[in-house]
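Peer 1: Copied straight from Swiss-Prot:
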type     : residues                                       : note
ACT_SITE : 139                                            : active site, proton acceptor
ACT_SITE : 177                                            : active site, proton acceptor
BINDING  : 11-12, 32-33, 39, 54, 75-79, 92, 143, 169, 177 : NADP(+) binding site
BINDING  : 168, 179, 186, 200, 201, 202, 203, 213, 292    : substrate binding site
């Protein structure tokens, strides 16, 4: 049967396509918007059956043009948290997602979709409960509102609906994202260009570089998606993070040491990297004060309760792999 991936040329979508290929799945319809044409590179080493622009996909899917569809991985969205055009954001992320959901429900196809930890906004608790959800931007609101639709639909749904609140994802195939790419990507490029990595200094009681995030490898994101693909009886909204907050210092230090290893140089401690000027702390910008999350950490209770028991890569493991991959692309 056919599998459809929206946002297939994007960061997470392309990694899901590749992961499906590695399992022998090639009857894949890739859906995307290639106005940013450079995204095509993410699919060059992937096998797909067909490609459709997002503007024609929903109508054709609703009409039944693709025969029996097993599942839709709905990864397509505007993920720019700085986007201020609310009308565009709601049409692209909310209305379009509702149309894809309706078509999946009508045809009995599994619906696995990208939600976001941005739904939690400034919360200090990250559990899939309405009372801790308070998005701070229209991107987060578009994801939040769609999750509310899912909560209403789930009790009567006859086919799988699984949403994943992605935390800070990093890894291969994100180059096209530019300023919205991960901190690991930017640290890598900054170190190659300047010989050092710059991080924010002290802020809100956190020591320099010690602000933390739940950084999750796209490898693990793809694995979780495929676990639910294999278990169509499991539905719900799930946090998708490691459950382990790590500081930005860990990202920067791993980037530096991996690049040193590739140059046959010994690893250095964080203190040594700072002392040698390989990591530099800059004053926290006034523009971000009061708008910056110093801590995120996924509560994995629901995900583990659904049966996903595989370990997640640490920053040290995942960023090391990613830097080696990036170095091979240069």
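Note: Cβ is positioned from N, Cα and C throughout, glycine not excepted.
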Peer 1: Please name which of the recorded positions listed here, 77, 139, 292, is nearest in space to residue 177 (active site, proton acceptor), Cα against Cα.
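Peer 2: Looking at Cα distances from residue 177 (active site, proton acceptor), the smallest one goes to 77.
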Peer 1: Tell me the Cα distance separating residue 32 (NADP(+) binding site) from residue 201 (substrate binding site), rounded to the nearest angstrom.
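Peer 2: Cα to Cα, residue 201 (substrate binding site) and residue 32 (NADP(+) binding site) are separated by 39 Å.
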Peer 1: For residue 79 (NADP(+) binding site), which of the listed recorded positions (139, 186, 203, 292) have their CA atom within 10 A of its CA?
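Peer 2: So the list reads 139.
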Peer 1: May I ask which of the recorded positions 11, 32, 75, 77, 139 is closest to residue 168 (substrate binding site) if we compare their C-alpha atoms?
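Peer 2: It is 11, whose Cα lies nearest.
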Peer 1: Does anything in the same chain, at least 6 positions from residue 77 (NADP(+) binding site), have a Cβ under 8 Å from its Cβ, and if so what?
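Peer 2: Looking at Cβ-Cβ distances below 8 Å from residue 77 (NADP(+) binding site), excluding near sequence neighbours, one finds 7, 92, 93, 97, 114, 142, 143.
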Peer 1: Give the number of CB atoms, excluding that of residue 39 (NADP(+) binding site) itself, located within 10 Å of its CB.
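Peer 2: 22, counting other Cβ atoms within 10 Å of residue 39 (NADP(+) binding site).
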Peer 1: If one looks at the chain holding residue 292 (substrate binding site), which residues at least 6 apart in sequence have a CB under 8 angstroms from its CB?
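Peer 2: Non-local contacts for residue 292 (substrate binding site): 203, 204, 211, 284.
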Peer 1: Rounded to a whole angstrom, what is the C-alpha distance between residue 39 (NADP(+) binding site) and residue 139 (active site, proton acceptor)?
Peer 2: 21
Peer 1: How big is the Cα-to-Cα gap, in Å, between residue 11 (NADP(+) binding site) and residue 139 (active site, proton acceptor)?
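Peer 2: Cα of residue 11 (NADP(+) binding site) to Cα of residue 139 (active site, proton acceptor) measures 17 Å after rounding.
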Peer 1: Pick from 11, 139, 203: which of these recorded positions has the biggest number of other Cβ atoms within 10 Å of its Cβ?
Peer 2: 11
Peer 1: Quick one: give me the count of other CB atoms within 10 A of the CB of residue 75 (NADP(+) binding site).
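Peer 2: There are 28 such Cβ atoms around residue 75 (NADP(+) binding site).
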